[in-house]
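K.L.:
Here it is: the structure, laid out below.
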Amino acid sequence: MQGFDAALPVSVLWLPPRHPSFASFDWKNFPSSPPPPCFYLDDCRELVSDQAGDVDIEAIVAPILFTLLSFFTRLYKIGQSNIVTWDEAHFGKFGSHYLKREFYFDVHPPLGKMLVGLSGWMAGYNGSFEFKSGEVYPEGLNYTFMRIFNATFGALCVPLAYFTAKELRLSKPAVWLVTLMVLCENSYATISRFILLDSMLLFFTFTTMLCFARFHKLQAKSFSLQWWLWLVLSGLSIGCVCSVKWVGLFVTGVVGLYTVEDLWNKFGDLKMPKLVYAQHWAARIIGLIVIPMVVYMWSFWMHFTILENSGPGDAQMSSLFQANLKGTDLTDSPLEIAIGSRVTIKNMGYGGGLLHSHVQTYPEGSGQQQVTCYHHKDSNNDWYFHPNRGQPDLDPESSDLRFVGNGDIIRLIHAQTGRNLHSHTVAAPLTKADYEVSSYGNLTVGDEKDHWTIEVVSDAAGRDYSKLRTLTAAFRLRHTALGCYLRAGNVNLPQWGFKQIEVTCTKKNNPRDVFTHWNVESHWNEKLPSADVRAFRSPFFRDFIHLNVAMMTSNNALVPDPDKQDDLASAYWQWPVLHVGLRMCSWDDGIVKYFLLGNPMVYWGSTLALPLFSLLVLLYLIRWQRGYNDLQSEEIDHIRAAGVYPLIGWVFHYVPFIAMARVTYVHHYYPALYFAILVFGFLFNHLTNKLPKMVKLAAYCVAYMVIIGVFVLFVPISFGMTGSSEQYKYLNWLPTWRI
């Protein structure tokens with residue numbers, strides 16, 4: 001049985017063991033059992049040192065030294081450029097909204113942007129600056145402090161890399177190698193120096209991997225205080241990284257895959273009591289699902305709490321949510337809808353927009369005027385309730401009011417173009433199973449296909465549906481002639497539809513389909529008195545889901561425009577080979593210039609390590625298949641934790657961008673780069689472990705010097721290039737870099 005254990009390959013680790021594995025062996029409670037073996041000379045020295053009570057000087061000095069160097073490389077000349085650089089125009093502005101407490105909309109979760117707002121508050125900034133790209137910062141705005149705040153997250157990634165490599169049981173030289181690669185990675189040093197989200201994203205990605213490594217190391221101490229601590233910290237890190245950017249879901253997938261494998265192995269442990277196994281499940285559900293969800297939802301609760309004033313992002317939210325914002329104009333609307341009322345109509349589906357039309361026509365199908373859903377307030381969102389063609393026309397001079405209610409047949413007239421909301425038996429442009437919806441005819445030209453029947457679904461103000469109410473009433477619009485229902489899913493039209501949401505007439509009669517539910521948002525009618533509907537509030541969970549769907553919809557719409565050339569965008573295949581960089585600002589001689597480019601040695605070395613490590617694992621599998629026992633079970637566990645899972649992390653963070661249709665940039669690769677660095681560190685550690693001491697020392701020294709030397713060579717792109725860019729042409733190792 002011991003010989004079988006020793007021959008276990010990596011792939012076998014995915015099968016349920018028939019006996020307790022090394023990772024789950026309880027050394028503490030097993031009498032006369034030896035301590036866990038040490039794999040490398042450094043591990044043995046550390047074990048002996050711990051048993052003797054000696055202090056490991058390296059464990060104290062090295063992380064402090066690396067941290068000091070990290071802060072130097074991230075903070076040196078950080079305030080040299082006094083202009084709004086690259087995406088500071090976005091995230092600085094979002095921070096301003098928090099300080100002014102104005103509601104805004106963005107495709108990213110709120111935690112990172114709230115931290116940007118916090119940095120502005122700490123710097124004494126009042127939120128009045130607009131953060132226009134390339135604009136000079138005003139004297140009263142301490143942008144340097146705000147950048148330092150962000151850079152702190154980037155600087156702390158270096159000691160986190162050190163401790164992670166140590167928890168993955170790499171030898172000390174390999175730990176230093178991994179730490180140096182993070183420290184001397186020019187792209188990390190550059191992007192950490194500005195008011196962006198990427199340093200925070202990297203920080204929480206690094207903390208998640210540290211918690212993963214530490215938790216794995218504590219598997220033999222299940223349910224101990226330390227075990228619980230690192231499980232909870234893992235959940236907090238996952239929650240934070242997902243609350244900064246959704247890219248955090250990829251590292252969540254790594255931890256999730258490890259958890260599934262771990263529970264699968266425990267399922268095969270026949271000596272483990274069922275109650276204990278159930279406790280393992282419960283612990284992981286709490287630590288890795290409940291806690292991250294609580295953190296993620298808490299960030300949105302804070303987001304809604306802080307942003308209490310009406311702002312530029314109102315239209316992305318439900319009408320009731322908007323009505324409860326301070327300064328909104330929705331509270332001045334009349335309560336009950338009448339014929340002749342001018343309204344905006346909001347789709348109540350998650351992420352829904354306002355019913356919209358414009359003069360542009362469908363390129364195919366009927367060729368009539370487009371009808372869409374739009375997330376921004378615009379005069380093209382305005383419609384009139386008008387009588388159907390079988391009723392007397394509206395007399396604007398008459399004082400008589402004809403209220404609209406459940407079951408009434410009406411027409412909706414587009415205010416800007418005078419055309420009727422219309423549908424016919426023409427397939428919708430994208431959702432071919434539905435009918436196309438268009439704007440057609442005018443007050444006199446048209447037919448019964450301009451008629452819509454109101455079906456009230458619910459009303460927060462009461463159960464009397466005889467009068468349609470502003471904001472509180474949810475209703476459906478059934479096409480009177482065709483029997484289909486007006487619907488707006490989250491399907492974005494192509495560029496000819498300005499990426500707005502497709503509106504169709506669905507043949508399915510599903511009263512629970514919220515994408516067929518509508519409400520009147522804004523309402524104008526001089527003959528009716530205004531009413532206050534702020535007594536009705538939108539529930540948090542609905543607002544939470546609504547905003548997340550809106551974020552997803554907008555993110556999916558960020559696709560490259562084939563009619564425009566984006567000089568900053570790049571393709572996924574260019575990132576691992578460092579084919580391109582990114583100019584972060586104007587390239588004029590009088591401006592401090594920054595170029596977002598990685599350390600070539602770090603990039604190319606880590607990229608090369610990925611296939612080499614895969615071949616190494618394949619070689620071990622082939623040799624195991626042929627009966628060679630090259631590895632002990634603890635060595636297999638080491639390869640799995642320190643090599644295989646970082647490789648999986650790289651795959652999870654890189655491959656999705658291959659399938660993504662959205663526009664991509666070089667900084668999207670930075671989380672994946674960290675996992676490639678970990679693979680490189682493990683591979684270098686593994687391949688040099690059995691070399692003669694002097695050869696091994698020489699190999700590490702060469703690696704250190706090359707990484708540091710190239711970083712110093714390229715340091716102007718991180719610290720800022722002054723004067724003419726011609727003097728930095730020597731850095732253009734590749735013609736595509738454009739430094």
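Cβ from N, Cα, C; glycine included.
When I checked TrEMBL for this same protein, it listed these features:
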type     : residues : note
DOMAIN   : 334-388  : domain 'MIR'
DOMAIN   : 401-457  : domain 'MIR'
DOMAIN   : 465-523  : domain 'MIR'
TRANSMEM : 144-163  : transmembrane segment
TRANSMEM : 195-215  : transmembrane segment
TRANSMEM : 227-260  : transmembrane segment
TRANSMEM : 281-301  : transmembrane segment
TRANSMEM : 601-622  : transmembrane segment
TRANSMEM : 643-663  : transmembrane segment
TRANSMEM : 669-685  : transmembrane segment
TRANSMEM : 697-719  : transmembrane segment
K.L.:
Is it true that the transmembrane segment (601-622) and the transmembrane segment (144-163) have 3 or more Cβ pairs under 8 Å, skipping pairs fewer than 6 apart in sequence?
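P.N.:
Between the transmembrane segment (601-622) and the transmembrane segment (144-163), contact is absent.
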K.L.:
Most CB pairs under 8 Å with the transmembrane segment (643-663): which of 195-215, 227-260, 281-301, 669-685, 697-719?
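P.N.:
So the stretch in question is 669-685.
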K.L.:
Summarise the domain 'MIR' (401-457) by DSSP state, stating how many residues are helix, strand and coil.
P.N.:
3 helix, 27 strand, 27 coil
K.L.:
Do you know the mean pLDDT across the domain 'MIR' (465-523)?
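P.N.:
Taking every residue in the domain 'MIR' (465-523) and averaging pLDDT yields 94.
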K.L.:
Taking residues 6+ outside the transmembrane segment (669-685), which of them lie with a CB under 8 Å of any CB in it?
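P.N.:
That would be 40, 161, 164-165, 168, 170-171, 173-175, 177-178, 181-182, 185, 187-188, 191, 198, 201-202, 205-206, 209, 247, 250-251, 572, 575-576, 598, 602-603, 605-610, 612-613, 616, 639, 642-643, 646-647, 649-650, 653-654, 657, 699-700, 703.
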